[in-house]
Amino acid sequence: MTDRAMVDGVSPPRFSVPLELRAVAITLALGVLGYTLFPDDLAFLTRLISITLLVLSLDLVTGYCGVATLGHAAIYGVSAYVVGNACLAGHSDPLLLLLVGAVAGAVMGLVSGVLVTRFKGLPQLVLSIAVGQLVAALANKLSSLTGGSDGLSGISPGRVFGVYAFDMYGRTGYVFSVAVLMVVFVVLLRIVHSPFGLLCQAIKDDSLRARMIGARVYPRLVLMYGVSGVVGGIGGALNAINTGVVGLDSIGFERSAEALVMLVLGGAGSLWGALIGSIVFQVFEHYVSAANPFHWMTMVGALLIAVVLFAPKGLVSLGGLLAGRTASVMRRRP
Amino acid sequence: MSRPLLELRNVSMSFGGMRVNDDISFSIGKGERVALIGPNGAGKTTLVNVISGDLTPSQGAVHLAGVDVTALPISDRVDAGLIRTFQITRLFKSLTVAQNVALAVMQRKGLTRSMFSCPMDRPDVRREWERALGTLGIAHLADRQVSQLAYGQQRLLDLAIGLALEPKVLLLDEPAAGVPSEESSKIIEAIDRLPSDIAVLMIEHDMDLVFKFARRVLVLANGKLIFQGDPAEVTHHQEVRRAYLGSYADARHAS
Amino acid sequence: MAWTGLSIGLDALSYGMVLFIISIGLSIMMGLMRVVNLAHGAFAMIGGYLASFALKNAGYPLAIVLAVLGTIAIAFPLEFLLYRRIYRKSDELTQILLTIGIAFVIIGVANYILGPTTKSIPLPPLLSGPVDLGFRMIPAHRIFVTICGVCTAGLLWLLIDRTEFGIRLRAAVDNGDMAESLGIKTQILFSATFALAVGLAAFGGVVGAELLPVEPFYALRYMVTFLVVVSVGGAGSIPGAVAASILLGLADTTGKYLAPEYGEFFFYLAVILVVFLFPNGLLGRRH
């Protein structure tokens, strides 16, 4: 009797290939859509993708681990600077630069993780801000490495695979960025559904309970911070590679806060949420903030308040509601 | 006599000036079924927290299979087979029912380091979490989100997580409290069917369940262990009756 | 050398006192209502703006009073509509987002109405001149701010230690549910505390305007510092906030004297060390 219930009740294996294939298809479709809608403004789109990676990176620690941080841009900015310097030093292969960014991001992520995930609550928030501000102050000071307030410029990456040069229209940069986003997104989908990813979510839900099933909470969180660092680092690398310039704005408090806004708008705790949030926010910003930057700030504020009050799980929950309904209908079908 | 699986030596726990547990010593051997009873505020849950490692005792030591674990973190105790359930259900609400239990299985098997593979559906893992869910009759809920479960079902899942960790010593904090009778009978059944070699310490208010389950009873009152022994004797013990049982013992006598 | 030390000390003290006056309200709110209010700096800024308006027609003392009351009046609808939802229960992320949203709106509106420039808050003649301390000339204003800080700390201590309000406040901090069951109306208590916190922020915003100039981005620029004061001092602790304010004032001032090119590097290094070593604050209690 119980055996039978088990056979009936348990669904076929999860996380099979289709989920990842779907992710590939959707990112590709978004890439084509972006190219069709903004053919003359690919620079905007590559910037968007670079920031999207930062938001995905933030999602890993905020959405999946429950760490409230306002200093995440430190990871993004530091990698951008490291990549910029590596390129200026003559290591200009774009793939190598991505790797450099990922490693720099991982190191920054691990360091931040060690400091930030040690505590919960106010000390955690303050530590996250302090780490971010410390790094920003350092970036300002070390102007020989960062160009100070002028920014680090003159970064010109070589050809992708030694064949495709970064052109002035940004076509190569765009295709390159979409490809990177696609790969990262698929890998992250795997990671958040892996036992490690599940454990992080479990820690977010109830860290004491997670300990009571034997989890070592602090090392897990630090490790996830490291993974998040890799993703943020790749984002920073894309920023340096595509724009050729790295400025102090890529490392500061505003960048961190903005990333958090995008994440929450889309829905923290879902990779799709991070993706949707950063796209919607930045496309919106592209039009509105150009018109009036100060109204823009008021609108972002009002938007945040509205999201907290009316859609605390973000835009993706609205989509998720629909999808959930469809799925349950599908399940009921014989 | 074989070495006890769980042993408390003169454990005391104070908060500020309040002694919540006062000089408590007892031991539980392989296969024993022991109930911990006592009036509200007697310090039972605190004691479970001390044993499980959530709290460090002010004095005394906790031994697990002969090893002093007083200074060890919770996770090490879990690895050694000391598992507890919670009085208030604490589940992972962003995960599905199956994932809640599978995570426990994978943690025990050391698979939670894995970042890219999905061992949840590996046959050996799957068999175990399906069995744990099946034992408690909630296999049909495997794909539900925890938030969609009724309270009784959540308690069943809580116990399923405990079972999936393959305890050697299992601490049950009021497993059947507030649970509708249909589910509570499943819980009792599951407790009955626990592997005979594990040691179980159960906090429980329901005396019928205590008498049915336990072959030994510990009574805690005002932080002190005032009685331990045969369940049949507990109702006759003067101090226990005064401290706790009161009307219940009288009623039982009368009938 | 000794004079330099004393000079740094004096500057640090007055700066620290400004930090204290503004941050203590945030600290009390965090201790009692468990709300991380990232719009606290925005309220201090509103106080500054209102004072600069009031000073066109009124004297300095009256302008301070008007600014404090005006800020409370502006903030109160926000308390009623938004803050009440997040007292004591919601998770930090929700609080951070809601209150940073409020701060953004205030910045945006301030910028739109008043423009991005710094608003001056002219001091009365008595406070605008220098005072000769023998070894050094010091702006009279710095002494005034220090006195304000000491008075604020003293009055708050009296309020919390000696009055009925203070007893209720402490009872609610220690155990909210218990206080409720004893008949303490926590909602009213929360509203009163909110008004007190906002009023203190506005007061600090006005008297500290010489050190923290009033402009739209004030709301976020110094918010981080206020948060740090609360964290280092321990939420809800007056002596903790005093100690943290002076310590952080010292760290910041010393850093700027000795290594100005490093900006706030040493300040945040100190913060990381202190918070990591004392996660519950220098004088805070464990929750």
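Using N, Cα and C of the backbone, Cβ positions are placed for all residues, glycine too.
Predicted automatically and left uncurated, TrEMBL annotations should be read as such.
Not measured: the values here are computed from a predicted model.
Ranges compared are C:35-61, C:224-250, and TrEMBL records transmembrane segment for C:224-250. Sequence-distant residue pairs (6 or more apart) of the transmembrane segment (C:62-83) and the transmembrane segment (C:143-160) include fewer than 3 whose Cβ atoms are under 8 Å, leaving the two stretches without contact.
Same-chain residues lying 6 or more positions outside the transmembrane segment (C:143-160) and placing a CB less than 8 Å from one of its CB atoms are 13-14, 16-18, 20-21, 24, 127, 131, 166, 169-170, 200, 203, 207-208, 210-211, 238, 242, 245. Panel annotation: around the transmembrane segment (C:188-212), residues 14-15, 18, 20-26, 28-29, 32-33, 37, 40-41, 43-48, 50-52, 63-64, 67-72, 75-76, 79, 83-84, 87, 121, 123, 139, 141, 144-145, 148, 152, 165, 168-169, 172, 179, 218, 222 of the same chain, lying at least six beyond its termini, place a Cβ under 8 Å from a Cβ of the stretch.
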